[in-house]
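Have a look at the structure below, then the notes.
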């Protein structure tokens with residue numbers, strides 16, 4: 001049932017949730033970045049977009065990494081350096097100044113990897129000479145003068161090299177009043193180190209050095225693996241940045257080419273793009289024809305044909321012929337930079353789920369410290385102060401993992417944002433992305449969204465028994481009309497010529513073209529045109545369609561043309577016109593020597609993708625509505641064809657937002673899909689505003705989501721990705737929270753009466769494993785199938 005509504009009144013109201021200005025998810029899930037205050041700001045208009053993975057020199061200082069190591073990293077291509085200029089350079093992590101060398105997660109990954117292997121080697125002698133290890137495995141270590149100091153000496157070295165970075169980052173968490181995993185790790189290894197050192201120096205109690213070095217090695221390994229996952233998850237912006245080549249072939253006025261850096265290109269420069277090369281900047285093709293792979297930018301899987309006059313996007317790959325491109329935008333003005341800015345904004349905005357997870361992670365820290373304190377008191381009362389008490393306290397501190405909770409949402413955010421961008425779906429607002437899964441109504445603007453927005457031929461009829469051709473066919477009617485309309489720029493003329501091309505017809509030349517104001521066009525056929533290369537069948541058809549045309553006058557026009565010529569179209573054509581009118585289609589008549597030979601019905605053609613989009617949304621339980629300024633008959637025809645549930649017809653542009661409010665007042669959660677310009681008020685009013693078909697114009701301020709391609713199926717893909725992403729967030733949060741609910745009591749020793757006690761080393765393994773499991777589960781989102 002199609003509900004056709006014209007224009008009932010509704011009071012406008014705003015349902016848009018203000019966008020939160022949050023930190024990057026990178027800051028949340030990268031311990032190194034977060035505790036070192038490596039926060040980044042949303043780029044101002046015109047500012048170069050960052051890759052979203054930066055830190056500051058303070059990160060290296062907090063981790064204890066010398067500057068020369070960072071320099072080596074840059075030589076390997078692992079980092080990039082940018083001078084912020086106006087920072088204070090005081091090393092507090094808030095200002096950059098002259099020390100503002102950026103590091104990314106590959107630097108952190110390399111740091112933890114290197115320290116892990118060094119500490120692993122240094123830990124082996126400690127384990128070998130540990131009395132407890134010797135007792136467990138039944139061997140006697142080789143003794144030499146001073147062998148009793150192997151454990152303490154190497155333990156101190158491991159603590160200083162592998163543990164002090166955690167202490168420094170824990171101190172930053174405490175100073176910033178943002179307690180988290182680093183502070184818990186710091187407390188654990190500090191307690192173990194102080195107790196072990198005191199025991200070794202005093203001779204009272206049993207040193208704890210083998211557990212200490214084991215903890216540090218496991219922590220380093222866990223963080224190395226974590227940084228690998230983080231780098232892979234958040235590498236979308238790096239991948240986009242790498243699409244731009246380093247150099248371009250600029251063409252001089254004399255036609256000579258020179259290789260120049262991309263950053264010196266200016267608007268108006270002419271560049272040569274050879275087959276296999278990436279387009280260096282946005283531009284317009286001046287000469288050459290080719291196919292360009294735009295998959296990484298627009299999500300279009302098939303190469304797109306390019307010819308003179310077509311736009312090309314910087315970063316896309318030229319596949320076949322050489323192109324000469326006139327540069328139209330460089331630097332921050334390019335489409336690729338705009339996409340990177342939108343991806344950054346999406347990753348910086350914080351969803352409701354992430355806010356909840358962050359709060360839970362903060363609460364978990366205090367819960368872990370509280371449980372550790374209670375454990376210390378309880379075990380001291382039960383067995384007296386000593387090694388068992390220290391073991392329980394350290395195990396409680398290391399097994400609690402607020403980092404898994406903090407990682408649960410941001411990793412999914414980074415992955416789904418990059419997945420969306422690769423599919424031509426650019427998310428500006430994380431809250432809107434999360435809300436998309438809850439949508440129950442999607443409202444499409446008709447013209448240019450569900451339809452092509454241009455006239456197209458939808459039906460052709462030919463009359464029989466008309467001299468001089470007693471047996472015309474629809475191809476003949478289209479050929480004559482295309483010939484007569486050859487010199488016209490009217491949208492109807494363009495549609496008819498396009499239909500002739502699609503049918504593989506050869507259109508003869510004409511002379512004496514004349515535009516009949518308000519009635520149509522008229523021209524005289526000159527003779528047979530050379531057949532187009534359309535295959536044998538096409539050549540045969542073209543030859544048949546051009547026979548005996550020389551000197552005939554062809555007219556094409558609407559009912560006014562027939563009235564002017566006082567020609568009766570006949571019952572058959574009147575029925576054809578009436579049926580077309582009921583479907584909202586327009587009709588033009590084709591006359592040869594003032595005799596009607598047929599008629600052509602034209603309409604705003606429905607996109608093939610619209611059928612799939614509506615079916616997919618219905619399959620997800622989402623109702624589909626259509627908003628249009630067209631009359632009821634046209635609206636009903638399109639809605640019936642597509643199977644749309646609700647139609648708002650004859651709506652003025654300024655009243656579109658009222659229809660969104662009307663649906664919201666009925667209790668619906670509504671998405672509006674429009675062009676981002678004429679539909680701006682409705683996009684802003686909707687719970688989720690989706691600008692479709694923006695192409696290279698990605699800066700649509702009124703929309704929460706920008707669809708690069710004019711493909712309504714991307715709306716269904718957005719809803720599906722939102723649902724799958726939310727499911728991953730729920731899985732991660734459930735795992736992280738559930739792990740801590742069971743792990744903390746075990747670490748405290750509640751099962752000690754039945755002989756179950758977790759050592760600090762086992763606790764460290766479980767803590768690291770919980771974080772890695774969350775990271776791996778988030779990575780599985782990449783396998784999500786968004787096809788319809």
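Backbone N, Cα and C define each Cβ position, glycine as well.
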44-64, 65-85, 86-106, 149-169 - the one TrEMBL records as transmembrane segment: 149-169
Of the residue ranges 5-26, 181-202, the one that TrEMBL records as transmembrane segment: 181-202
Matching range for TrEMBL feature annotation, transmembrane segment, among 360-387, 416-443, 444-471: 360-387
Transmembrane segment per TrEMBL - which of 324-346, 393-415, 485-507: 393-415
Residues flagged as transmembrane segment in TrEMBL, choosing from 208-225, 226-243: 208-225
CB contact flag for the transmembrane segment (116-137) and the transmembrane segment (208-225), at least three pairs under 8 A: yes
CB contact flag for the transmembrane segment (181-202) and the transmembrane segment (761-781), at least three pairs under 8 A: no
For the domain 'P-type ATPase A' (242-344), residues assigned helix / strand / coil by DSSP: 20 helix, 39 strand, 44 coil
Overall pLDDT of the domain 'P-type ATPase A' (242-344), taken as the mean: 84
